[in-house]
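Colleague: The following feature annotations were taken from TrEMBL:
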- 7-159: domain 'Glycerol-3-phosphate dehydrogenase NAD-dependent N-terminal' (DOMAIN)
- Ser15, Trp16, Arg35, Tyr52, Lys109, Ala141, Arg256, Val280, Glu282: NADPH binding site (BINDING)
- Lys109, Gly137, Lys192, Asp245, Ser255, Arg256, Asn257: sn-glycerol 3-phosphate binding site (BINDING)
- 181-321: domain 'Glycerol-3-phosphate dehydrogenase NAD-dependent C-terminal' (DOMAIN)
- Lys192: active site, proton acceptor (ACT_SITE)
Amino acid sequence: MSSRTPNVAVLGGGSWGTTVASICARNTRTVLWSRNAAAADEINTQHTNSRYLGDLPLTDTLRSTADIAEAVSDADVLVMGVPSQSFRSVLQEVAEHVRPWIPVVSLVKGLEQSSRMRMTDIVQAVMPGHPAGVLAGPNIAREVVQGFAAAATIAMPDHGTAQMLQPLFGTSRFRVYTTTDVVGVEVAGALKNVFAIATGIGDGLNAGDNTRAMVITRSLRELAKLGTAMGGQTETFAGLAGMGDLIATCTSPHSRNRRVGIGLAQGKTVEEVCTEMGQVAEGVKTSGVVVKLSAELGVDMPIANEMDAVLNNGQPVEEAYRGLLRQRPGHEVHGDAW
Ligand SMILES: NC(=O)C1=CN([C@@H]2O[C@H](COP(=O)(O)OP(=O)(O)OC[C@H]3O[C@@H](n4cnc5c(N)ncnc54)[C@H](O)[C@@H]3O)[C@@H](O)[C@H]2O)C=CC1
Ligand SMILES: O=C(CO)COP(=O)(O)O
């Protein structure tokens, strides 16, 4: 790469794709692909994305297009910000237009339902040879756009690539750390959404602060057990992408996943809550994938199992908490039961 800063293309004009593109545009030439031409036009002329981020101002040098080939043709770095279940099809659509071997950074916190694959595995399958990594952390989009201090970690298989990408995503108030633990960061980001739904149910049932702390703490343990069984490093789960994001998502009034849990506790169906929100809550679809993976890998995940029962098998929310309380607590650190 020459001495000029790399060109970035971000695919996906929702809350987080827009936010990350706005940050990158402060640091280098950045194009955001939105499938909605009116939204792209609004970003170019008004410097807002009102559907997802209200009137919060975006970086005025950010350029947006609804033409996916145009968005990526000059890109030195490809950033994927479409939800997990659309990730493969968008990548397939764009693959022939992308320069050879440029790095691909996923912003996505979900697992593919049909294949149970992580997003970086999908990159390897669709665009073999491209270095694939992930940016994740406690990053509620609107708070990041507003410029409140926050941090994330960028994981790439090669540390030099992570260090090369770091300045593209960071600002003085958005601190980007580096790691090579792609699996750990990616799994942590996907799993925390399932546990945010569990916390939301407790909050919606007015179960109180002790219950919330119990669910978050035991969720971290489940997350770390499955994450390490899948190849992630233990320390990652105590970091920004693990504990950090679990805390943010399980406690934020802005979290879509937590709001799903609250809605369920209020007697709404998953479909009703998701339609009302009009934004993705990845944990709904990730829940079923997680229980299948945990069964395959022999990892006991009682909270995730209860969420799968509620979200996919019609179990009433009150039963989910009662089901957990019926279990006898074992050794806090070495026990299998929750
Ligand atoms: N919003 C947030 O605070 C954060 C979100 N994330 C993750 O980022 C990913 C994207 O989420 P958000 O931007 O928040 O979702 P969103 O619901 O705000 O927006 C999703 C965007 O993807 C587009 N999209 C969906 N399917 C598409 C397809 N087939 N082709 C083209 N575009 C498509 C939608 O039109 C929409 O613009 C998710 O995995 C989420 O977990 C990660 C960190 C923070
Ligand atoms: O990933 C997020 C914060 O880090 C956003 O969480 P939600 O998708 O639940 O809004």
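Note that Cβ sites are derived from N, Cα and C of the backbone, with glycine treated the same way.
Note that this is a predicted model, so its numbers are computed, not measured.
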Colleague: Round to the nearest Å and give the CA-to-CA distance linking Lys109 (NADPH binding site) with Lys192 (sn-glycerol 3-phosphate binding site).
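Modeller: Spelling it out, the Cα of Lys109 (NADPH binding site) and the Cα of Lys192 (sn-glycerol 3-phosphate binding site) are 9 Å apart.
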Colleague: Enter the number of other CB atoms within 10 angstroms of the CB of Arg256 (NADPH binding site).
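Modeller: Looking across every protein chain shown, the total is 24.
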Colleague: Just to verify: the residue among Lys109, Lys192 with the fewest other Cβ atoms within 10 Å, which of the binding-site residues is it?
Modeller: Lys109
Colleague: Per DSSP, how many helix, strand and coil residues does the domain 'Glycerol-3-phosphate dehydrogenase NAD-dependent C-terminal' (181-321) have?
Modeller: 111 helix, 0 strand, 30 coil
Colleague: For ligand 1, pick out the binding-site residues Arg35, Lys109, Arg256, Glu282 that have a CB under 6 angstroms away from one of its atoms.
Modeller: Arg35, Lys109, Glu282
Colleague: Which of these binding-site residues (Ser15, Arg35, Lys192) have a C-beta closer than 6 Å to some atom of ligand 2?
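Modeller: None, by Cβ distance under 6 Å.
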Colleague: Nearest to Ser15 (NADPH binding site) by Cα distance: which of the binding-site residues Lys192, Ser255, Asn257 is it?
Modeller: Ser255
Colleague: Within 10 Å of Glu282 (NADPH binding site) (Cα to Cα), which of the binding-site residues Gly137, Asp245, Ser255, Asn257 do you find?
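Modeller: Within 10 Å Cα-Cα: Asn257.
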Colleague: Looking only at Cβ atoms, how many others are within 10 Å of the one on Glu282 (NADPH binding site)?
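Modeller: I get 22 for this one.
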Colleague: Whole-number Å only: compute the distance from the Cα of Lys192 (sn-glycerol 3-phosphate binding site) to the Cα of Arg35 (NADPH binding site).
Modeller: 28
